[in-house]
Amino acid sequence: MAETIRIIGIDPGLRYTGWGVIDLAGNRLQFVAAGTVSSDVQCDLASRLCQIHKGLSEVVHQFMPHEAAVEHVFVNKDATATLKLGQARAIALLVPAQANCPVFEYAPNKVKKSVIGVGHGAKEQIHMMVKVLLPRAEFDSNDAADALALALCHSMHRKRIDQSYQARMAI
């Protein structure tokens, strides 16, 4: 029987941070849970980051993933918005790392290519393929669906990552 690897995908955002947890056993994928951590827009930035940290910490503590996949930040024209997203992303990287969970990062185009077969696609296509690959998946937001897509992407690439790591260790 294949070892089960639990993967959490995290789609960082300052207002909404999506998360999705799947189990991978051999080639079998199983939906575990998904949701969204929200921060209060009325609060200052530091308080909002604390809210995201607390929420993600609870999720990681509850589901105890073995590996994490986090989306790379895209740079947009609004430097302030990009910086704030980067701060939320730092929390998304920090929380699993604090739980001794290796963190892997994926560009949005790589996630789309892995899940729907092309690097550019509508959110609806991604959500549809998440449901095809994880028929029991339930998600409360686009962010949670995107987080499940991140976890799926990592499940497809982790064998290659593992082989690359083992090859480096053999040198």
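Positions of Cβ are set from backbone N, Cα and C atoms, glycine also.
What Swiss-Prot says about this one:
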type     : residues      : note
ACT_SITE : ASP11         : active site
BINDING  : ASP11, ASP143 : Mg(2+) 1 binding site
ACT_SITE : GLU71         : active site
BINDING  : GLU71         : Mg(2+) 2 binding site
ACT_SITE : ASP143        : active site
Which residues does ASP143 (Mg(2+) 1 binding site) neighbour through Cβ under 8 Å, counting only same-chain ones at least six apart?
ASP11, GLY13, TYR16, THR17, GLY18, THR36
If you skip the near sequence neighbours and keep only those at least six away, which residues in the chain come within under 8 angstroms of GLU71 (active site), Cβ to Cβ?
ILE10, ASP11, PRO12, ARG89, GLU105, TYR106, ALA107, PRO108, VAL111, ASP146, LEU150
Could you tell me which three-state DSSP class ASP143 (Mg(2+) 1 binding site) falls into?
helix
